[in-house]
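Engineer: Sending over a structure as structure tokens; questions will come in a sec.
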Amino acid sequence: MLFISNCYSTVRKTLTKPFGFLHSFLFSTFIQSDVVARVPIRLFSAHSVTRFTINAYFSSSSVNINFDSHLSTNCSTHCVGNVEFDYDDNGFGKVGQTKFSDCGAFGSFANDKGECLEDQSPSFDSSEGFDESSELDEGEDGDDDKDDDDCSVLNSYNQNGEHKKEIRRVELQEDEFRHPLVREICRLIEVRSAWNPKHEWLLRRSLRSLKPRQVCAVLHSQADERVALKFFYWADRQWRYLHNPIVYYAMLEILSKTKLCQGARRVLRLMARRGIERQPEAFSYVMVSYSRAGELRNAMRVLSMMQKAGIEPDLLICNTAIYVLVKGNRLDKALKFFERMQLVGVKPDVVTYNCLIKGYCDVHRIEDAVELIAEMPSKGCSPDKVSYYTVMGFLCKEKRTNDVRSLLEKMVKDSNLFPDQVTYHTLIHMLSKHGHADEALEFLREAEDKGFRVDKVGYSAIVHSFCKEGRMDQAKEIVNEMFSKGCIPDVVTYTSIVNGLCRVGKLDQAKKMLQHMYKHGCKPNTVTHTALLNGLCRNGNSLEAREIMNMSEEEWWTPNAITYCVLMHGLRREGKLSEACDVVREMVRKGFFPTPVDINLLIQSLCRDGRVDESKRFMEDCLNKGCAVNAVNFTTVINGFCQKDDLEAAMSLLDDMFLSNKHPDAVTYTAVINALGKKGRIEEATELTMKMLQKGLVPTQVTYRTVIHCYCQWGRVEELVKLLERMLSRQKCRTVYNQVIEKLCSFGNLEEADKLLGKVLRTASRIDANTCYVLMESYLSKGIPLSAYKVACRMFNRNLIPNIKLCEKVSKRLMLEGKKEEADNLMLRLVERGCVLPQHPEQS
């Protein structure tokens, strides 16, 4: 009784602190220890009455109270809180943490049978997070040259103070991933789509038993980082559970490897709300996540957020800033930040220099990178092998082996770093990767001469490089050399040989190589068989490839998604489209899904073959089986119906896109508009164009050309001009009226073209002059030189000088029709503009 009385007193003090207007309250239910109970409380004040609902859990050592308040009509506030406190040996409570929120109850409550007493908390997959007010000002992502803003965080660096470097990164052991509770929680998360209240209760109970490092193991075990983030949010909302600080850092570390920058920012803000100390390491994770998402400006704004939080920068955050700037192709800003950090007393380390060295190499400033390496010892920082390897990688890419050797000598002479087995392996792999097999072989010989043993991985890299170049004889020599040195080739080496033989069309030798592998105790794997199947399909033997894949179970290998796609494309190229569709269906039955690109290539082939209905059925089958069918696939089928003049089917499929939650784009609408225009159904084309604009889609250049062609073909110029004005309000097109005039000229509608000439001559550019030439030529071909003369005069009035030869042609035609005055005036205006008229032989 003394304990509960003291607890009541503590709760009263805790609740009264955030609600100063409350005077007294009354518990109406006696709470026994170690039970969950709901206690209604009424609090009275001078102006309002507040109803509280208390959910309290009393254990032998602590009390956790979750309360829900509704104020009277004088105040519409709905407040939720959570109070946790322990008590000492004397029975007096001590408040541990208080949470207040406005987003509903923190969790549901269950009895010992797992039956939910109340479940008001958001579900696991709920998108409920936190308010969107950001400490980052989401501005435009354009370039901003305010370098001082990026470097201002360095002003708070305490040069004379001691900077503690407390890294919260957690190295998890294998035992923690295998812990029964961790595995059980991961299992529950995997089946979350079939959850019931019992499942969620089990997850809550397991969560409370987890240690912080085990929670980190659960987060790291998720294949999808979004699922890990949802679990993190869900756990944070649970009653009687608080994230340990290392869990926040583990979550940020996971998000730093993704583009989920908004989630990383919210976790960082949640740390501030929960009172978790934020080290610069936390901000560095958020910066890297923004960098991966391509948001360089927001990544650098994290520094300002860190400065506002009163957190001093350290070397880690400075290195992260330089890394982000280098990854964002802003080497100039990275160098300025580097200079500024030295001015304020932050001493760079080898990581700092290595980031800048990579930045120099990315912009092909190899000499500057080498010079920076040479300067490092004078700055009190010796380069490591990574510094040299970074430069060597770019030199290998450009096949500058002489420079690589000189850099190796420099590494020994200046830095006392001797080439070892890792050095030579690195050079061999880099040269082989970029197709320089001969140079890689030279370094392999040099490594062996110095007593370093090159393993089968290094040999395989050179073999693969030779095979890519089609130099199979050299590749076989390397393989024979491997046998002679006791370095038995593995399946990777043999697969390279098989792939190379297929590339040069030696399929029989490739098949024999598979038998050779079995003889030497090396079993071909899926990649090996896929390489053979690809060679067969490339050489028109898709049916034989099909037979080999049908025998996969007998030969103890399993086709994968790439294997099926290789066979499907081989059958498609040979025109065996029905067989290709069957392969895709079998692929889906086996649990593999083709990409939208693969689906589209097969749909295109069906449409070209005139089998549009079959392509539609195939696409619908893929969609129903869960394949990633996108708007491009629908557009291909719609275009196929349009080419077949089946507009009703095309329009019906356009409506089906919305039912399938696939939104048509401007290309989709353009295809249907073009088909309607060819049939003269201009009103429907106009309606569809307006519908496209209303959906916010931006018309492309093809859309403009399509609309212009259709309307000009049927002489609907006035309607065209009105429609173009609406389209131009969405997307500017400089040459739209030039296209209209030229298209009208091609259809012989010169009168309408002449009416629109004023819209073209507003800017008087070279493109406008070419349009005028087209109109003048059209008038001449129609035998109306006077109209061509008038067009030339309008060009002079806009300070455009017509083509001299074209003007001569117009002048001659005017003379033949007896219009000598206009002909002379045209040539005179050319002379006035400084044009030198060519002299004819009879005049010389």
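Just so you know, glycine gets a Cβ as well, placed from its N, Cα and C.
Copying in the features that TrEMBL gives for the protein in this structure:
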- 128-150: compositional bias 'Acidic residues' (COMPBIAS)
- 261-336: domain 'Pentatricopeptide repeat-containing protein-mitochondrial' (DOMAIN)
- 119-150: region 'Disordered' (REGION)
- 279-313: repeat 'PPR' (REPEAT)
- 314-348: repeat 'PPR' (REPEAT)
- 349-383: repeat 'PPR' (REPEAT)
- 420-454: repeat 'PPR' (REPEAT)
- 455-489: repeat 'PPR' (REPEAT)
- 490-524: repeat 'PPR' (REPEAT)
- 525-559: repeat 'PPR' (REPEAT)
- 560-594: repeat 'PPR' (REPEAT)
- 595-629: repeat 'PPR' (REPEAT)
- 630-664: repeat 'PPR' (REPEAT)
- 665-699: repeat 'PPR' (REPEAT)
- 700-730: repeat 'PPR' (REPEAT)
Engineer: Counting only residues 6+ away from its ends, which parts of the chain sit with a Cβ under 8 Å from the repeat 'PPR' (560-594)?
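Structural biologist: Non-local partners: 526, 529-530, 533-534, 536-538, 540, 542-543, 545-546, 549, 601-602, 605-606, 609, 611, 614, 618, 621-622, 625-628.
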Engineer: What parts of the chain pack near the repeat 'PPR' (455-489), using Cβ distances under 8 Å and only residues at least 6 beyond its ends?
Structural biologist: 424-425, 428-429, 431-433, 435-437, 440-441, 444, 496-497, 499-501, 503-504, 506, 520, 522
Engineer: DSSP helix, strand and coil counts for the repeat 'PPR' (700-730)?
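Structural biologist: Taking each residue of the repeat 'PPR' (700-730) in turn, the totals are 27 helix, 0 strand, 4 coil.
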Engineer: With helix taken as DSSP H, G or I, strand as E or B and everything else coil, how many residues of the repeat 'PPR' (595-629) land in each class?
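Structural biologist: Output for the repeat 'PPR' (595-629) reads 26 helix, 0 strand, 9 coil.
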Engineer: Taking residues 6+ outside the repeat 'PPR' (490-524), which of them lie with a CB under 8 Å of any CB in it?
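Structural biologist: 456-457, 459-460, 463-464, 466-468, 470, 472, 475-476, 479, 482, 531-532, 534-536, 538-539, 541, 556-557.
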Engineer: Provide the three-state DSSP residue tally for the repeat 'PPR' (314-348): helix first, then strand, then coil.
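Structural biologist: Split into helix, strand and coil, the repeat 'PPR' (314-348) gives 26 helix, 0 strand, 9 coil.
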Engineer: Going along the chain, which residues at least six beyond the ends of the repeat 'PPR' (630-664) come within the CB cut-off of under 8 Å?
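Structural biologist: Result: 596, 599-600, 603-604, 606-607, 610, 612, 615-616, 619, 622-623, 671-672, 674-676, 679, 681, 695.
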Engineer: What are the helix, strand and coil residue counts for the repeat 'PPR' (560-594) according to DSSP?
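Structural biologist: When I sort the residues of the repeat 'PPR' (560-594) into the three classes, I find 26 helix, 0 strand, 9 coil.
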Engineer: Kindly report the helix/strand/coil residue split of the repeat 'PPR' (665-699) according to DSSP, in that order.
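Structural biologist: For that range the per-state counts are 26 helix, 0 strand, 9 coil.
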Engineer: How does the repeat 'PPR' (630-664) divide up by DSSP, counting helix, then strand, then coil residues?
Structural biologist: 26 helix, 0 strand, 9 coil
